[in-house]
Each structure stands twice: as structure tokens, then as C-alpha cells.
Amino acid sequence: MSRLPIMSTKRVLTSSSSENSQDMAPVQKKMRNDQDPQKLHTATTVIGDKRPAAAATASLYRPVRGAGAATVAVAPSRGVPKQVKASSAPKAASVKQQAATKPAGTGPTRRQPWDLKGKVSDMESKIRTYQTKIKSLSEENEVLKGSLAQSKTKAAELEREVESQRREISEFEQEQQRLSGVQSELEKVSSEKNVLHKELSNLEQKYKVNETLRESQEMELQTLKMKQSVQETTMARLQATLKETEELVTSLKETVAHQKDELHAGEMERRRLHNTIQELKGNIRVFCRVRPLEDGGLTKHIQLAPSDNKSIILAKTEESHTGKTADTQKNYHFSFDRVFGPQASQQEIFDEISLLVQSALDGYNVCCFAYGQTGSGKTYTMEGEEVDDTRGVIPRAVQQIFRAGAKLQSQGWEFSFTASFVEIYNETLRDLLYSGKASKRPEHEIRKAANNEVTVTNLTYEKVYSEDQVLGLIALAKQNRSTAQTALNDRSSRSHSVFQLQIEGVNAGRGVKCKSILCLVDLAGSERVVKSQSQGERFKEMTSINSSLSNLGIVITSLANKESHVPYRNTKLTYLLQNCLGGNSKTLMFVNISPEPDSFGETLNSLRFASKMCLMFP
């Protein structure tokens, strides 16, 4: 904001002041010329249709003091001028037009440079003119404010009216929807009415037809009455026939009961003859199985006769010590109850022992265990794989047990099965079906009851009702079994695993019961310590394994010699299996051998051990 100089109304003119006035005249003229256009421009500037507020316009100037007082003229800011409403645009345009069309010679008389008082008077006159204009604009601004307030009030009323109309429209829409539903219901009722009319017409037609039928049926009724008399005569004759038939049925029932007795007697006789056959074959039998090479062939040091499935020859070529003679070949001949070559399938293996599994269902204890060095195929023989063709002895035996038990139900037999899976590791029992925390795993002991039943304390005995349930338990036991790395096999079984299926059969109608145990054992690897290169903890495991296997041979020898004392308690393995080894139980040992030439020594030891069992029970 620039300010004009404040002067007194009385001046004393001197020569010096006159000279100063003359010097200042051009400057003051320039200032006046600069200020007036700016004020005019400020008063007439228009942007859009808005006017500046009255307070903003009024603040550009200050009121002029009365005569005799100092006068101050306030110039507008040198910044961007305030915007005014479009209604002031015509006035500003007219002012500019008058200024442009006014002749140059008709303006006010230019005052002398020394007439400062006159110049101040002119300035005050202009200021009053501008203040009058500002006042007019302020009044106009107030009027516009009032109009704006009225417009807002009206807008609010219009909004309320719009909202009311919207609610009415919503209500109308709801009413329209309801009416449309009523219309559809009306159409539905009309359609049902038409259907009912049609049904009424059909019923009338049917009534006429039924009337005709009634008349015909009355005639037929008379005929039927006549027939009834005939049939009563026939019924009397049939009743006599029925009495004869009932007598025949009673006779047939007696025949069926007699046949059931004969069937039961036949089943018992079958069991007796089956057991006799198994005893003639030997309560302890030894089978030999040769594992195939990776390429499916057979090495030269193992010879199998094509026509003889009970013998095997182990050939060894020895070099001459003197070097003067040719190399010599030494043959070792072994004979077993059955020898299976590398091409033998899992089904072929099981076919040979299925009769022993049947003996378990007949009430005889049966034990089948796989013996041999690590990697010779013991676990594959006993457990196999998940594919049906490669399933081992355990899943196939379970399948046969459940299927044969289901067939015997028609003869009045009911069977219950209880499964358990225990591991013997370093002469310590471990429950392979335990699913709790490892830190809370209980200890187990073998106990023999007064009725000679052998049980294990704290062991999981699971009631099983289907083949799939048993297979699930076998899979769980397989995961929990202890394995460790040796020089012969990266995942060598370092423990004996014993699967036991307790079988209880009851024929309530005949008062017959049977109870037996099927034991399927996968023994630990039988290799020598030097061959397995075991050290430390593995050496301790190998020593325990070989000790239990040696004691197993001692127990079998004692049974063969019919000694009064059989050392079952020497190892946990023989103590657990004592009911399945002696008496009238059936025992089958699978000796598994590896075909690799570097396994010749272990293969020879395994065959000698198995051959010893065969010689004891010819």
C-alpha cells in the first residue's frame, strides 16, 4: 500500500519552496498518473460473475479527514488486484469508454506546480468519488449476500422436497412390486382354475365310464360268486395238499440240520486231515529264496536244477596254490523243503505257505520268519511293496485270514482278531504301534501267564476288523522300526520285528472254540562282524543280533532232540516266540541269500544254518 504525503492546509511559500515545488512537479504528476489508472482498474476488474466482498473492497481506502486536517490517500496493493462480480463489468466498461472518448482539450485545468493545496483538493474529490462507488458496491454486495442466503434456503427446501419425492418413489416401487406379485399370483390362480375345469370335465367323463364299468362288474360279480364256490372246493383240496407239504418241509429241515451236522463234522475232519498233512510235511520247514541281481540274472556260483525245486548248489572256484595245476571248483550241495529261484513271484511264494496260514485259522499256532544277511530280501519277502503283485507274506496272510473267516460265518463261526507289532532291538522290546511322545515311551516285559499264554506288558494290542485296518498298522510299524547304516546296506534293519495276529473263533451253536497266534517275523541281518565292518554302537547291535540268532538255533536244536529243558529265556526273541516254536505249532523259516559273488561267505553260512534245521526235522 502506497501513501500520499500529509500536508497542512496553510503553507508559506518561499523562494526555496517554490523551487522545490517546481522540481517535484514532474514527479507528482507521474505519481498521479500512475495511481489513477490503477484505482480505476481495481474498481472495474471482473472475473466470471462474482463480485468482491464489501469488506475487502472497503479495506482498500481509508476515510478522508475534514478540511484543515491532514489527508491520506490509500492506493491499492501492487499485488494481483481483487476480483469483483460480473455485474460491475458494464460499469467499468462504460468508464473506460468515457475516458477513451473524452476530448483531450476538455479535461480539468492543469494546476501550477506550486498549487499543492489545489492538487490535494482534487485528490480528495477523487477519493470521495471512489468512496461513493465503494459504498454503492458494498450495498450491492450486501444485496447479493441476501440473495445467496435465500438461494441456499431455497436449495435446502428443494433438497428436502427431492428427498420426499424419492421416498415416495421408493414406496411406489415397493407397491409396484407387491402388485406385480399379486398379478402373478392371479395369473397362477387363473391357470389353476383352467386346469381344474379340465380335470372336472375329465372326471365327468370318467364317471360316465365308471358307471358303465360298474354295470359290467356287477355282472362279473355274479360270475365270480359262481367261481368262488368252485374255488372253495379247490381250496379244501389244497389245504390237504398243504398239510402234506408242511410235513415234507419238516422232513427237509431235519435233513438240512443233519447236513449241517455233517458239514460241521466235515469241517472238523478237514481240519484234522489238514493238520495231519502239515505234520507229515513237517512242523518245522525250511524254504530257500535267491534274490535276483539288479539286471534280473543269476551269478555262476549259484546253481539251480531246472527239474529239482528242492536243491541248490553253491560253487566256488579255488586257485591252485602251486600254480602248476588248473583252478579247481568246489561245490556245496544243499537240500530244503522248497527252493525258489530269482524269477519266483510273491504270489508263488505265498502259495507254498498258504496252507500254514489256514492252520492258524484252524486253531494252531504258526510262526514264519525270514533269515539271512542284510540286503538278501528278507523284508521284501515278508512285507513286500504296496503294489498288489509285489505284496509280501504278511499282507497276503492277513487277506487270506479275513476272507476265510468270512466264509466260515455261514457255518456259525465268528472270529475276532487282535494285532500287535513289537521290535526287539539290543534285547530291548519296543512297541512299533506306539503313537505317543518318545520321551514317555513305556518299558516292556515278557510275562507268561498260568495258562502258558505269553504277553508283553504295556504293549499295544489293537482289535482289528478289516484287512485295510491291519495294513495301516503294518505301515505305521514300518515307519517306527529302527534302521541304521552299515557297510552292506544303507538302510539295514538292525532289529527283529515280530507281527502277531491273535485269532479267536467261536461256534456258539456247536459249543466249539479255537484260539491261535499267527507270528510273522522279519529277523535282523545275520552277517558276521568282520563282513559288516560295524564299530561302536553298530558293533554292539551286531553282537546282540548274532547272539539272538545263535540262541534261536539252539532252541530249535533242543526241540529237535526233544530235550526236557528248552532255553527259551536266553533271548527275548525265543522267549516271545516259545508258544509258536514248540508243541503242535507250525514253523517255517525262509532263508534268503544274495546272488553277488562278494556275498559268497555270508550265503554259505546262511545255507549251512538252514540246512542244519532241515537235518533236525527231516
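Note: Cβ is positioned from N, Cα and C throughout, glycine not excepted.
What TrEMBL records for this protein:
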BINDING   GLY372, GLN373, THR374, GLY375, SER376, GLY377, LYS378, THR379  ATP binding site
COILED    120-262  coiled coil
COMPBIAS  11-23  compositional bias 'Polar residues'
COMPBIAS  77-100  compositional bias 'Low complexity'
DOMAIN    283-616  domain 'Kinesin motor'
REGION    1-48  region 'Disordered'
REGION    77-115  region 'Disordered'
State the count of C-beta atoms found within 10 angstroms of the C-beta of SER376 (ATP binding site), not counting that atom itself.
30
What average pLDDT is reported by the model for the domain 'Kinesin motor' (283-616)?
85
Ten-angstrom check, please: count other Cβ atoms within 10 Å of the Cβ of THR379 (ATP binding site), all chains counted.
20
